[in-house]
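Colleague: Before anything else, here's the structure in question.
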Amino acid sequence: MITSIQRIYAIFTKDFKDLTKNLYVSTTFLLPLFYAFMLGRGSGMDSAYFLPLMVNMTFATVGTYIQSAIIAEEKENGTLRGLMLSPATTLEILTGKSVLSVLCSVVVFVVSLEFFDGPMTIPSAAWIGFIIMTIFYITLGTLVGLLSKSLMESSIFILPVIFILGMGTMFRDLMDEYAWFKVVEWMPNYQFEQLFQASDTSTIVAAIGWMIGWTALVVVVTLWLYQKRSFDE
Amino acid sequence: MIRLEKVYKSFDGKAALDGLEFQVDKGEIFGFLGPSGSGKTTTIKMLTGQLKPDRGHVEVFGQDVSNVTRPDLLQRIGIMTDNSNLYPRLTVLDNLNLYRSLYRVPIRRVKEVLEIVNLEGVEKKKTATLSKGMKQRVLLARALLHEPDLLFLDEPTAALDPINKERIHEGLRQLKANGTTIFLTTHDMQEAETLCDRVALLNGGRIVEEGAPVSLCQRFSDPIITIELKGGQVVTFENARESAKAIHDYMVNDQIVSIHTDEPTLGQVFIQVTGRNLA
Ligand SMILES: Nc1ncnc2c1ncn2[C@@H]1O[C@H](COP(=O)(O)OP(=O)(O)OP(=O)(O)O)[C@@H](O)[C@H]1O
Ligand SMILES: [Mg+2]
């Protein structure tokens, strides 16, 4: 157990150092901060809208992207093979990377709150949702990383993730205009917002159900893909 | 240490390993020689659990190779293949420190392995700025960090100058003296001759010759004795009983300048055996 934590920490430290030297990836931090700046300051936006939007935005752009980028780059450079041939297990390797992605997302999210000047209320169901969404976004990042052959590829694959999950709910007005846009309601990011905005228990339970469903799906697909492909094709 | 029995592996219907069989004993330096595309890297991948054989039996540490991915066995293996890589943005020290932690090795080892590969003083350099030969030596240092019982080296000295090559040979002999078993591939016949206890010549996915370098060379030596006489004349004899009288006569008449048999180098043996050049 202690050995395992030491290995996870070693991989985390390495990825952290590497990330600080990788401007291409680390500048994605700025995107959610930019949005927080635009939306937060003096807009009179309710925290029930601002908070879930920023969580989705931050975890999709920072968490999912960093996770996918650092996995894809290791594949591209052929460094993942070395890790796999060391006594570190795949779970330890992925955990080390996930810790970094989660930490970066949380830090960026906390900083983005600086741009919000209204009163903040966080319903307790939102905390549960936050944990589920964290697992969802990081596993999704792992999946995108496994699918990508290079850093460039992961940067392209991440774009729909950012648009649909990170920003999708910003266009909710379109839902009233176009019926097809209602698909957004099925998305986990929309359901996460429900946890802040809905007051009836049934909506909240359904929202958590949807989010768990999505997360389970992504976990299963990721595990399946992982088994199917060896790590370093 | 290593045992392969009738191992087959093909890629897209083309056989890469075709009934490969050999054995490596504990504590020896085993040279795996073969022309480009003969299956050397494929064999190392198989021995380190990166590839599965289509058919046949592969054993490492007396266990089926499917066990080799277990952390306790990986802890005893060191690997440097021609496709291993360093993290380009990180320094040499950061690169080695990561592996030091993964293998749980004390800090002083970093200095020791850098000494073995003759790279003291580069710890703070970004690996992206290193030359090819220096990167290769850092990778070798990384493979040595945890003092593995079994070391796989895929062309470990390919990009090195003669001085560094010799230095690394010295380091490898030292490891062998400490009980490490070394499996190495090389295109460098000189290296194989001076470093390896035993070599196997691979061609078309199977072993065509195997043995100590000296005995291989002797086995393929020409059965001809060449004698240079005073006055520049050169005569040759079969290395056989019937030649004794004539050679004896030259000798008592003090006519001989030099006398030798023609022993081929390992490289020549290889060409003879495979009909191919090493490239
Ligand atoms: N992943 C793969 N997919 C398809 N073919 C492969 C693969 N790996 C190896 N091969 C083929 O198997 C054969 C053996 O390759 P291998 O890399 O083992 O040769 P090698 O002896 O290491 O050569 P070199 O001295 O050039 O490194 C080659 O014909 C190669 O094209
Ligand atoms: Mg090779």
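Glycine is no exception: its Cβ is also placed from the backbone N, Cα and C atoms.
Pasting the feature list from TrEMBL:
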type	residues	note
DOMAIN	A:49-224	domain 'ABC-2 type transporter transmembrane'
TRANSMEM	A:21-38	transmembrane segment
TRANSMEM	A:50-72	transmembrane segment
TRANSMEM	A:93-113	transmembrane segment
TRANSMEM	A:125-147	transmembrane segment
TRANSMEM	A:154-171	transmembrane segment
TRANSMEM	A:204-226	transmembrane segment
Colleague: With CB pairs under 8 Å as the measure, which of the listed stretches A:21-38, A:93-113, A:125-147, A:154-171, A:204-226 comes out on top against the transmembrane segment (A:50-72)?
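Modeller: Answer is A:125-147, with the largest number of Cβ pairs below 8 Å.
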Colleague: Report, as numbers and ranges, which residues of the same chain sit near the transmembrane segment (A:93-113): CB under 8 Å and 6 or more residues beyond its ends.
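Modeller: Contacts with the transmembrane segment (A:93-113): 7-12, 14-16, 19, 29, 32-33, 35-36, 40, 54-55, 58-59, 62-64, 66-67, 70-71, 80, 83-84, 120, 134, 137-138, 141-142.
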Colleague: Take the transmembrane segment (A:154-171) and find every residue of the same chain, 6 or more past its ends, with a Cβ under 8 Å from one of its Cβ atoms.
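Modeller: Answer is 31, 52-53, 56-57, 60-61, 64-65, 68-69, 71-73, 137, 140, 144-145, 147-148, 181, 184, 187-190, 193.
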